[in-house]
Amino acid sequence: MKHLLSMEELDKDEIISILHEANRFSLGETWEPKDRKFVSNLFFEPSTRTKCSFEMAERKLGLDVIPFEASASSILKGETLYDTIKTLESIGVDAVVIRHDQDHFYEELVGKIDIPVLNGGDGCGQHPTQSLLDLLTIQQEFGTFHGLKVAIAGDILHSRVARSNALVLKKLGAEVVFSGPTEWFDQEYLNSGKVCSMDEAVESCDVLMLLRIQHERHGATSHLSPNEYHQQYGLTLQRERRMKKNSIIMHPAPVNRGVEIDSDLVECGRSRIFKQMKNGVFVRMAVLKRALETN
Amino acid sequence: MKHLLSMEELDKDEIISILHEANRFSLGETWEPKDRKFVSNLFFEPSTRTKCSFEMAERKLGLDVIPFEASASSILKGETLYDTIKTLESIGVDAVVIRHDQDHFYEELVGKIDIPVLNGGDGCGQHPTQSLLDLLTIQQEFGTFHGLKVAIAGDILHSRVARSNALVLKKLGAEVVFSGPTEWFDQEYLNSGKVCSMDEAVESCDVLMLLRIQHERHGATSHLSPNEYHQQYGLTLQRERRMKKNSIIMHPAPVNRGVEIDSDLVECGRSRIFKQMKNGVFVRMAVLKRALETN
Amino acid sequence: MKHLLSMEELDKDEIISILHEANRFSLGETWEPKDRKFVSNLFFEPSTRTKCSFEMAERKLGLDVIPFEASASSILKGETLYDTIKTLESIGVDAVVIRHDQDHFYEELVGKIDIPVLNGGDGCGQHPTQSLLDLLTIQQEFGTFHGLKVAIAGDILHSRVARSNALVLKKLGAEVVFSGPTEWFDQEYLNSGKVCSMDEAVESCDVLMLLRIQHERHGATSHLSPNEYHQQYGLTLQRERRMKKNSIIMHPAPVNRGVEIDSDLVECGRSRIFKQMKNGVFVRMAVLKRALETN
């Protein structure tokens with residue numbers, strides 16, 4: 001049984017192995033568990049991409065999905081997450097995917113339940129399948145991570161993937177720089193010597209990873225208007241023209257069009273934004289297989 | 001790839017072909033796509049009939065359904081409908097059914113996405129599968145549309161089907177008259193010379209199509225009480241007795257019992273209300289097949 | 001066609017037959033209907049256990065599930081429950097499971113619709129599959145009901161299962177006693193001579209059935225704090241130690257930890273709480289089979 005909780009728990013070999021498996025799925029490889037397996041997707045926060053992508057991955061693996069509607073569950077009667085998961089386990093669910101607004105929600109589960117938990121995003125914490133699909137997209141593009149320069153730009157502080165993507169990209173041999181409003185960097189970033197202006201970032205990077213402004217997580221929103229943000233920190237049409245020939249644009253979506261990125265660039269030649277979503281299914285097939293085959 | 005957006009875009013031959021296909025499904029004919037196909041139903045407005053009917057039709061065709069819960073989607077984070085559909089397309093969804101409170105919601109999609117869109121109702125606009133199931137029910141009853149007199153009665157202004165049913169019925173050879181409160185007719189109707197009293201309508205028609213009072217779409221509701229409406233414009237027990245021998249009663253449902261129609265008439269011998277729902281599944285099988293087989 | 005509406009409508013032989021069938025399912029027996037069957041689960045109140053358990057049972061029987069989202073249904077447009085069920089029947093649904101906040105909701109359906117209704121809990125009324133899974137759990141433990149002493153403790157008044165479990169247990173040969181705050185007993189209970197203190201109850205019973213405090217059903221909540229309730233009427237660590245050697249603890253869940261039962265006892269050796277949930281799937285398979293095989 002293998003949980004997927006955070007990128008930090010995965011060593012380099014495991015990451016490479018998941019990406020390899022995901023890539024095989026992208027090429028049409030199939031896999032189904034020997035016995036019938038049941039999974040449930042518990043999304044306590046809004047989601048289209050991650051939820052639908054897991055639903056698709058599950059069906060492609062021939063898994064049975066037990067619907068779970070968070071807004072109509074016994075959580076409303078005060079039931080704990082642990083008791084809810086234990087219930088699903090008792091009923092015969094073989095694995096759960098959970099998105100939750102609480103950072104590290106999985107800590108109350110690990111070691112106490114006997115089915116794998118796949119983290120579909122925890123608060124401002126982690127979003128490991130997003131990180132993995134980002135990595136797959138880069139690997140498919142460049143074949144390697146060595147020597148690549150990746151710029152991560154935007155709302156670093158509230159992002160579920162900025163910090164863990166940075167760590168894992170460095171582990172895999174890439175150089176990482178950051179850009180965005182200073183108020184969204186903590187001291188650790190500022191001291192790293194890797195923070196640069198958006199203009200520097202776009203001109204030098206091979207991969208530009210834009211982050212979504214997480215309006216819904218901001219206690220206080222930025223003091224900038226959307227258009228001011230776009231001009232100072234976003235990918236404008238002008239900035240895109242100064243990008244290196246083969247460099248690519250990524251964004252976890254949903255995109256705030258005209259803020260992080262000019263609306264006309266969302267589907268431009270360099271954009272891998274919808275390719276990322278496509279890869280999301282393959283990555284989720286890989287981690288579901290990993291969770292269930294050793295169950 | 002064939003969208004189904006409005007009745008106006010369908011020519012007479014296409015309508016007849018869809019009805020023919022639907023009728024074959026009603027007789028037990030089956031069809032499944034060669035390859036596995038995934039569909040998603042995006043309902044941004046409440047629905048039992050249309051939603052469940054599409055879900056049934058999809059399963060009867062052996063399609064895989066990717067659940068989409070509008071109230072827990074990224075639409076809440078401000079994502080556009082276009083980006084949502086493009087996401088589903090990227091994830092591998094082969095067709096989408098959409099109900100939306102905005103008239104002509106599909107205009108921002110057509111020509112820009114590569115999967116068929118089936119309109120499950122747009123604002124006060126259209127509801128083509130409802131129109132088609134109405135037509136199938138009439139065709140099964142009378143064998144033809146030629147020479148039939150169809151009375152459409154009630155909330156013409158807010159109805160998704162009144163105008164397009166009228167147009168298509170005339171195209172297919174039927175005569176159409178209208179009845180209902182004058183405040184719910186625009187000048188075009190009033191000038192058509194086809195508006196008559198409810199008493200005239202019930203006595204002369206072969207098909208009485210009652211419309212639902214769309215309380216949820218009314219800026220200002222009618223000044224009449226439900227009972228006053230019933231007496232002046234509804235199908236009372238007395239009026240039903242004056243209907244022609246083989247004439248039938250239709251209603252798209254949900255019925256406001258005792259308003260548009262006396263509660264005791266909902267399941268009377270002339271009523272085809274539940275037959276319409278039954279036919280809804282066959283019509284949706286036909287349009288899903290049409291959308292997917294040429295995909 | 002066999003509804004499952006209340007425990008009272010089942011005679012002793014039927015109960016024994018359902019338990020027998022459920023036990024066979026628990027041992028790995030399988031059953032599938034000859035023809036494809038469609039079911040729908042209509043939950044108008046929050047639920048995790050019952051809803052997911054039915055979903056699991058349905059999939060294990062190879063049934064097709066038509067999703068029904070109460071919060072996005074035409075009930076919001078004022079449609080009656082009868083019209084909703086009649087709609088589903090028209091669409092081709094072969095059986096419905098309904099949870100509803102109204103006692104005896106099924107009375108407006110029975111005799112008027114042609115598909116079986118399975119009661120998933122009605123207001124403060126009944127919850128027959130919960131009663132049946134309680135019985136199966138006791139039967140698996142003791143092999144018989146004869147001579148067993150069952151103590152039902154807690155919020156008798158608002159419980160969906162207390163009264164019907166008491167009746168059926170007596171019918172099957174067990175002795176039943178009650179414990180809990182006097183304000184939650186009506187005169188019938190108080191006159192029965194079967195009400196005792198929690199200390200007496202735990203020391204003498206073979207089965208301790210704790211009830212959930214139904215905060216969501218209380219007009220006025222108890223005047224006791226959760227901790228006061230726990231000390232006077234709950235299963236404390238001290239009380240558990242005084243239970244008979246082979247006696248077991250049951251609770252329908254969700255558990256209010258530290259109120260009805262000390263949190264540490266939820267998964268103690270005597271607890272059958274998660275076993276009950278496991279049995280819920282088998283019982284629901286049995287009643288679905290019963291509903292559909294004679295359809």
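Residue numbering: from 1, along the chain as shown.
Glycine too: its Cβ is placed from the backbone N, Cα and C atoms.
TrEMBL: automatically predicted annotations, no manual curation.
Taken from TrEMBL, the feature domain 'Aspartate/ornithine carbamoyltransferase carbamoyl-P binding' applies to A:2-140. Note on the domain 'Aspartate/ornithine carbamoyltransferase carbamoyl-P binding' (A:2-140): its mean pLDDT in the predicted model is 95.
Taking a C-beta cut-off of under 8 Å and a sequence gap of six or more, A:Arg49 (carbamoyl phosphate binding site) has these contacts in its own chain: A:Ala253, A:Pro254, A:Met277, A:Gly280. The feature carbamoyl phosphate binding site is assigned by TrEMBL to A:Arg49, A:Thr50, A:Arg99, A:His127, A:Gln130, A:Ala253, A:Pro254.
Per TrEMBL, L-aspartate binding site is recorded for A:Lys77, A:Arg160, A:Arg212. For the recorded site, A:Lys77 (L-aspartate binding site), the DSSP three-state label reads helix.
Here TrEMBL flags A:147-289 as domain 'Aspartate/ornithine carbamoyltransferase Asp/Orn-binding'.
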Could you tell me which of the binding-site residues A:Thr50, A:Lys77, A:Arg99, A:His127, A:Arg160, A:Ala253 sit with their CB under 8 A from some CB of chain B, listed in sequence order (or 'none')? A:Ala253
With CB distance below 8 Å as the criterion, list the binding-site residues among A:Lys77, A:Gln130, A:Ala253 that sit near chain C. A:Lys77
Checking the spread of the L-aspartate site as listed (A:Lys77, A:Arg160, A:Arg212): what is the longest Cα-Cα distance, in whole Å? 33
Nearest of the binding-site residues (A:Lys77, A:Arg160, A:Arg212) to A:Arg99 (carbamoyl phosphate binding site), judged by Cα-Cα distance: A:Arg160
Just counting, how many other CB atoms are there within 10 A of the CB of A:Lys77 (L-aspartate binding site)? 17
Distance from A:Thr50 (carbamoyl phosphate binding site) back to A:Arg212 (L-aspartate binding site), taken between C-alpha atoms, in Å: 15
Long-range same-chain neighbours of A:Gln130 (carbamoyl phosphate binding site), Cβ under 8 Å, sequence gap at least 6? A:Thr50, A:Gly121, A:Arg160, A:Val161, A:Pro252, A:Gly280
In the three-state scheme derived from DSSP, which category covers A:Arg99 (carbamoyl phosphate binding site)? strand
Which number gives the other C-beta atoms within 10 angstroms of the C-beta of A:Pro254 (carbamoyl phosphate binding site), all protein chains shown included? 22
